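Q: Here it is, the structure, as structure tokens.
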Amino acid sequence: MAAAPSHPAGLPGSPGPGSPPPPGGLDLQSPPPLLPQIPAPGSGVSFHIQIGLTREFVLLPAASELAHVKQLACSIVDQKFPECGFYGLYDKILLFKHDPTSANLLQLVRSAADIQEGDLVEVVLSASATFEDFQIRPHALTVHSYRAPAFCDHCGEMLFGLVRQGLKCDGCGLNYHKRCAFSIPNNCSGARKRRLSSTSLASGHSVRLGSSESLPCTAEELSRSTTDLLPRRPPSSSSSSSSSSFYTGRPIELDKMLMSKVKVPHTFLIHSYTRPTVCQACKKLLKGLFRQGLQCKDCKFNCHKRCATRVPNDCLGEALINGDVPMEEAADYSEADKSSISDELEDSGVIPGSHSESALHASEEEEGEGHKAQSSLGYIPLMRVVQSVRHTTRKSSTTLREGWVVHYSNKDTLRKRHYWRLDCKCITLFQNNTTNRYYKEIPLSEILAVEPAQNFSLVPPGTNPHCFEIITANVTYFVGETPGGAPGGPSGQGTEAVRGWETAIRQALMPVILQDAPSAPGHTPHRQASLSISVSNSQIQENVDIATVYQIFPDEVLGSGQFGVVYGGKHRKTGRDVAVKVIDKLRFPTKQESQLRNEVAILQSLRHPGIVNLECMFETPEKVFVVMEKLHGDMLEMILSSEKGRLPERLTKFLITQILVALRHLHFKNIVHCDLKPENVLLASADPFPQVKLCDFGFARIIGEKSFRRSVVGTPAYLAPEVLLNQGYNRSLDMWSVGVIMYVSLSGTFPFNEDEDINDQIQNAAFMYPASPWSHISSGAIDLINNLLQVKMRKRYSVDKSLSHPWLQEYQTWLDLRELEGKMGERYITHESDDARWDQFVAERHGTPAEGDLGGACLPQDHEMQGLAERISIL
């Protein structure tokens, strides 16, 4: 659209008065060609609206005013020319009627009565339209769920969360955080709309007339066809019950003010990012652990160092803090809207009270029909949350070094030459470099030390001494041979080659340290000043090297969480398997370091069969190593690997009881876990009814019985509403998490639909418990879940009240728990006082325990339990 300074001008491609007719076009100086006479479907005036070379046949109701005609014209511009639309288009257009009998061909339409049947009305852009008007094009933002990692196009940071992570513009397709909504400039390009501009408004049943005409459509049809294409205002508090919620960018007045500001070059400073961020110039990820890129100190623009020279000089100065929205604009948003936009928690998961999203599957064109059917239910499927990503163990280790090596030992002084291959777990001595047959394996976990050549008593007379020694508990290996004055002797004997093997073995013994922190020249890599804290006997020893006590396997990644990576390991002397959490101090701030120390301090004070055992902690200037007992797997793995994607009631009762008993011990010591979820419930064995232990106390807090805390902790998918709403919370926070764990165990889905407020869903039991699978689950289980998922903390069940619930007080569950206690050799779940009660129960049942209704409830699950046991064994 081009503004006409002195006389009205047509919209794109429109010929003005007195201009020659375009080739093959229409001569507007002569009477227009006879238009097809299509009878109007009802009372009203039918006429053509022409914009450039495009005509649309519309039907105007008889009682309509000129404003209605202008709205139709704006709708056509949005549909046919989205790149030409701008803010305030309605006030900047004029309507002219073609009158071939008049000296002035175009007659200004001043009212709807001026339009007669069959007229041709030209839409013309007024000369009052300014350059700023063309630049202001508001976004039409809707809440969107992303199935792949996405980044905010305003701040460059990743959109975090399971579902509803951010906002997507219906016009240009750009993505934004909800918290960035009020800072987004109104610069929608309409790229997505432009793909639709070649279709007619009545595309479902239209026939093109001439080059650009279509069948008539009524005003209602035209409005409906363009509803989804027009930028919409955010909903007011009175319309909060609508099926969809929309956001717009910053106020138009602010955009006009910023356009008048002088744009200056950016002031870039090197910046370290704590969240994944993309360069806003090239849209590529800023890679690295720290100092990844440059950030403008005024407008916070992020880019690579190499892209800084290509960034235009368009800095608008210091960004407004909480000042982007005037009071009158903020008044249009409900309180729930404001809290959901300003709350940092929205990047981590589902938030009670946040905006809903209608027909999630309909907004994602790339999804298949199968997913659409699943999404129509609206329940979030159970998955491993982003904060605790599980990794599988690689079957084959990476070869670190290989080659021919000469060696002998204190058990056999005969010198041998084998092809050595070093990987992350062992040294394998092959017969040659082409066969799989090997002579010996030396596990790295059995190596106690690698020392320079010291013992020469076994060197045969007249032979060259060895270069270094590998010391294990039973055997000492003497490796290499030092040829006199020949640094590059035969293969496997050269001093340089053997020294390379010594260095490689030292690095393999503690490779996790050396991944990010190369040692200084002349300094032994893994010999660092360290502090060892033994939890079992509370001994603190200085200058203890973890490599002398444990072997860590870097290719056996057990998991990764908030504070670091968990590797498999082995105690060198006893051969006991352990799990080692390795944390790089340089990668997290002091606050998270204090959380780690908090976890260690809590685990030091806990000794319970239902809580993971912490052995010791090692600390170096660069890293922290937390050594714990290694378990078989986690509860989430058991749920996802089951045949139906959920657990039978009998097994769920067995596991939930153990979780509650462990929580009772924690709460007795005034400790609240704060991050309870299936990933943090570990299985001690592959048995179908395993012992479980709680782990990951990084978020745990010391909270008294009647005390409250306000700091935000935990994983949002399992957190209670009071935490997500920044209200005070107490130990009942863990009980909400138990309710969610119980729900996902029995159903395989999270209990909340993403489209409604949690409070509303809890009060609507029919919505929370759909027939599949809850029609096959007992009412007692549903009753316990309802009492755990109580929004009001005072109504939520405690640990003791949950353990006393009839659903858990079942004879078969008691038998399963007693069998587990018999295997463990310790009674810590059940109590002796219950024996008499269950003996009386058996006597009343005529000595046939678990018969009748109890036995009938358990028999159908035998097949499921057998299949689940097989899957756990495979895992």
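Keep in mind that glycine also has a Cβ here, set from the backbone N, Cα and C atoms.
As listed in Swiss-Prot for this protein:
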- 1-35: region 'Disordered' (REGION)
- 14-35: compositional bias 'Pro residues' (COMPBIAS)
- Y87: phosphotyrosine (MOD_RES)
- 138-188: zinc finger (ZN_FING)
- S197: phosphoserine (MOD_RES)
- S200: phosphoserine (MOD_RES)
- S203: phosphoserine (MOD_RES)
- S211: phosphoserine (MOD_RES)
- S212: phosphoserine (MOD_RES)
- 224-247: region 'Disordered' (REGION)
- S245: phosphoserine (MOD_RES)
- 265-315: zinc finger (ZN_FING)
- 332-374: region 'Disordered' (REGION)
- 398-510: domain 'PH' (DOMAIN)
- Y408: phosphotyrosine (MOD_RES)
- S519: phosphoserine (MOD_RES)
- D675: active site, proton acceptor (ACT_SITE)
- S711: phosphoserine (MOD_RES)
- Y718: phosphotyrosine (MOD_RES)
- S873: phosphoserine (MOD_RES)
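Quick one: where do these features end up spatially?
A: In the zinc finger (138-188), helix, strand and coil residues by DSSP number 3 helix, 14 strand, 34 coil.
Per-residue confidence over the zinc finger (265-315) averages out at a pLDDT of 89.
Take the CB of Y408 (phosphotyrosine) and look out to 10 A: across all protein chains shown you find 19 other CB atoms.
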Q: Just counting, how many other CB atoms are there within 10 A of the CB of D675 (active site, proton acceptor)?
A: 26
Q: With H, G and I counted as helix, E and B as strand and the rest as coil, say where DSSP puts D675 (active site, proton acceptor).
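A: In three-state terms, D675 (active site, proton acceptor) counts as coil.
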Q: Could you measure between Y718 (phosphotyrosine) and D675 (active site, proton acceptor) for me? Cα positions, answer in whole angstrom.
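A: Y718 (phosphotyrosine) and D675 (active site, proton acceptor) have their Cα atoms 8 Å apart.
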Q: Which residue counts does DSSP yield for the zinc finger (265-315) in the helix, strand and coil classes, in that order?
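A: Computed counts for the zinc finger (265-315) are 3 helix, 14 strand, 34 coil.
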Q: Report, in whole Å, the straight Cα-to-Cα distance of Y408 (phosphotyrosine) from D675 (active site, proton acceptor).
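A: Here the two Cα atoms lie 53 Å apart.
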